[in-house]
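Asks: This structure is in structure tokens; I'll ask about it shortly.
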């Protein structure tokens, strides 16, 4: 029984049954007698009353004797038949209600009273549960002792709904064993194991009896019907030197069957006498393998939940259009070639594969394997390119990957993906593969129980023959799963990238996921956020973000796929020798990327797996992809959380690959922050800073991982942001409304590729938001940063993001300053969580596997995973590549007054004004200490702050995050602060294009010898930072006569891309600042009207005419000298006598003014003035209910609303979510709690009044009986 409260109750005695039956018959006769006569004599009434009292006491005794054990209280479904507390008033009154409802001789006046009381009690229970849920109190009542019973016996005390028949006590029959529990045929105990919350089960209690998984057979073609988390009859066994027949001997001695080799010295065993689906491990067989000296390690395999990443369309898409198409550019006679818009659309709106084909690049000689549910090898469009050496059936353990056919064709996924890659061209049938000259194979591994051994064996299939592995599946995209590859699959990734393709590394391409509707984040998928895989996202026909797409920082690039209603989909092969035009989801994107990778490998066979990733980053096209989260990283590359670095360009990748030189050896540097144990209260956030100065082996970043150990009352309330030293803002984790797990994260690696090419040296900031409610505290235990990259640059012209800090480096006692390359040991990428989450050893196998260290080569990796022969590092400060001096918001070190170099490390800033501070010393320092600073911003500062408080600081100190600006001491010629002026670049947010641009506030200081009498008095005390136009510097800098004027090295004009976030996020999501660049030239510094532009990046430059008109208006108002209006905006390069003329102009001109406020007023009409006027097409996209999730998806504004209704499933899921965060999302905290308390108090009042009235009725009834007697 699914999602219901399950109870066990013992059988009542025969006397009770007879009493119940007699009560039913007597009650019926009494009812008939009342309907016939209007009078009752005193003797008859007294007899009925005495009998009623006797039977009421008998029923109450029976109810008290029944012992009921609650299996689970499902609060999510609001089932209120569970005893929260056995001695609570709810249970007592419920038993009283049950006893009274079983009475035979109730009067007409007492029946409606009992019904009213039952309604009030039910409302009272509802109020109590809502109150407990709102204050985030979780509980589990009863003990897990047995399994579910039938639906009819789930509520034994439920009153009858029919008013004609009196209620009776329902006694449930004993549940049959088949419906209660799946009993192991080996005679193992049917008692369920305790709840197991670990990453192996996706962070969910898969073994609970109310999840509907037990007892279901499940068809072989439907992966979702399999029992998730159960123990299978297979083992993974490590037998050193097992190839000489020892593995077969071990299997035979212990009754196993050797299914084959997984990879080096690891074998796949099966025992046919063990149940294929068991709730408990087969400890007897596990012990026998552990006691065998020939076996180094063995572990029984458990099933994993893996889903295919496509979806079913409600109706087919529209047909293809030949407008602006390059269909005729290639003479293909395949019937579906005109409809393959993503290959032949032209105009820069396709994958640009036709130019590569014209160069003779078709993927010939490259082998691609599809890891999926099988491959129809005899398909007319696949059989010519089918490669049997690249195929295997892991589910049935044979060489034929043919899929299992069923009524719904559920195993068509692999055949569709294979057709995208290598469908035969010019065969007058179906489609054309993007690499139609490549060889393709298939691995059938999703059509059965998917275990760690099954995944590892699929990923390790013939790595010297197969070049590319394409996978369009992964953990459930339900918005609440956190899962990744197990220990064997992780080892398979490492083996493939280090030894595959003759040492150049196998290429693993993965679909990013289809959990966008559930607001899932692909950084919770351990396959897509792995450094070994190339994660691919999707774009619609119009270049929008699909409604199913997930956003995360690990996505590297994008290919086309399906979109909304009316947009075209992907054409490919299908089961039964057919063709389809409706392949969908990110499942269709990954095979297209695999086909492009095959073209690139044909052009250069010497490319490594890292070379391909570098080529993708350098050639991806951000153009024509619409997403508000586009930003520039520290080296000027555009990157997005939805599209990665952009759309893959096949022809450009082939061109670059032909002349590509192999990248240097990849280095690895890990920095372990000290143990923090930092509590994060609800609705707050903390900022942690980690300064990196010792990772000398990594100067150019590729991948960055943030390993975090964190616990939370609700994992979905956690948000993570990372900011690099080059001010690249990365969103590591977004809120997940369906994730109610309390297991948190245990050393989970959140990966980012957004800092590709930057330098790791400098201050890194990790910002953790807790959007929980009330008592939903979070606790950060530890975190670390892992940098992957190279020591030397890849190209001679690659930009440098952040220069290395100068000065000597000091080391603290609790750290070490060593770096490690890839040949040294490091912690496993995806550690396993023990069942109890307290560090106990995992089940199965007391021995650790023994691995061989691969010989040194490019990209060589050795891990301390149990599968390798290296001891795990000790807990603490192993492999620390930086030193730590823990400070609290203050600079560590003294500044040098002679310094001309400043380091400006800006902290993360939230919407409510919280600012993180980071300090540091500038100039040449004798001693330099790396800082690990924890900054908790719990107070809010007003945006209007006193200027007078900013003027008491010393000269030449760093500007700390734009909050406090230290200005030099006043000279003797300065009278007071009122005679000083400040250059202020304010903070402004403008809507331009698809995103919002926010200029960071900057304060530039200068002094003047005369007072500005026209400045309002208000701005002598306050500055309205966010209301000042950033491009106009209202004050001119005038130097004293006779002193040389130095060019001022002001701060850059920094641009933030503002991305609004859904829910109660108190932080601006995905803010992106421009990189740090060399200071502007003297001409740019002295020209006060021109904005300071960042090198190599675009900036918001106001229109010249607008600025000139503004100057004319200011001159007409008398606030600007007329001579200053003559300054032309085009005058960028100053003449030699420019400074002299400027100083002379300043002496003649009057005092300057400051713009205090500016507004824009629009006058117009809502509709066109004339019926023939063309409507503005952009107005339909101005309002968006989805925030930025669907801001550029035109299906959002479909006139029919049909596809809009399907996309609203995500919002419906929000309303159906019974968690406290989703339930109270529409109301504020106080309103939600207040309404619950008010409802609870009202119910209590009704209950007390009703109880008082009932007591009075009982007293009156007793008085009547006494009078009759």
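Glycine residues also receive a Cβ, built from the backbone N, Cα and C atoms like all the rest.
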Asks: Identify the region 'Disordered' range according to Swiss-Prot, selecting from 150-187, 188-225, 226-263.
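Replies: It is 150-187 that Swiss-Prot describes as region 'Disordered'.
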Asks: Between the candidate ranges 1031-1050, 1091-1110, 1111-1130, 1131-1150, where does Swiss-Prot place the region 'Disordered' annotation?
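Replies: In Swiss-Prot, residues 1031-1050 carry the label region 'Disordered'.
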Asks: For the record in Swiss-Prot, which of the ranges 98-118, 119-139, 266-286 is the transmembrane segment one?
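Replies: My reading of Swiss-Prot: the transmembrane segment range is 119-139.
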Asks: Out of 430, 552, 579, 669, 695, which of the disulfide-bonded residues is least crowded by other Cβ atoms within 10 Å?
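Replies: Least crowded of the disulfide-bonded residues 430, 552, 579, 669, 695, by Cβ count within 10 Å, is 579.
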Asks: Per DSSP, residue 522 (disulfide bond) is which: helix, strand or coil?
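Replies: DSSP call for residue 522 (disulfide bond): helix.
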Asks: Identify, in sequence order, the residues in the chain of residue 522 (disulfide bond) that are 6 or more apart from it along the sequence and have a CB within less than 8 Å of its CB; answer 'none' if there are none.
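Replies: Correct list: 512, 513, 515, 528, 529, 535, 550, 551, 552, 554, 555.
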Asks: Who sits close to residue 606 (N-linked glycosylation site): which same-chain residues at least 6 apart have their Cβ under 8 Å from its Cβ?
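Replies: Spatial neighbours, sequence-distant, of residue 606 (N-linked glycosylation site): 504, 662.
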Asks: What average pLDDT does the predicted model assign to the domain 'P/Homo B' (662-793)?
Replies: 94
Asks: For a quick check of understanding: among the glycosylation sites 333, 426, 727, which residue's Cβ has the most other Cβ atoms within 10 Å?
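Replies: Most Cβ neighbours within 10 Å: 727.
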Asks: What counts of helix, strand and coil residues does DSSP assign across the domain 'P/Homo B' (662-793)?
Replies: 3 helix, 72 strand, 57 coil
Asks: Using Cα coordinates, what distance in whole Å links residue 669 (disulfide bond) and residue 727 (N-linked glycosylation site)?
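Replies: Residue 669 (disulfide bond) to residue 727 (N-linked glycosylation site), Cα-Cα distance: 20 Å.
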Asks: Listed recorded positions are 426, 579, 695; which of them have CA atoms within 10 A of the CA of residue 333 (N-linked glycosylation site)?
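Replies: Checking Cα-Cα distances against residue 333 (N-linked glycosylation site), the recorded positions within 10 Å turn out to be 426.
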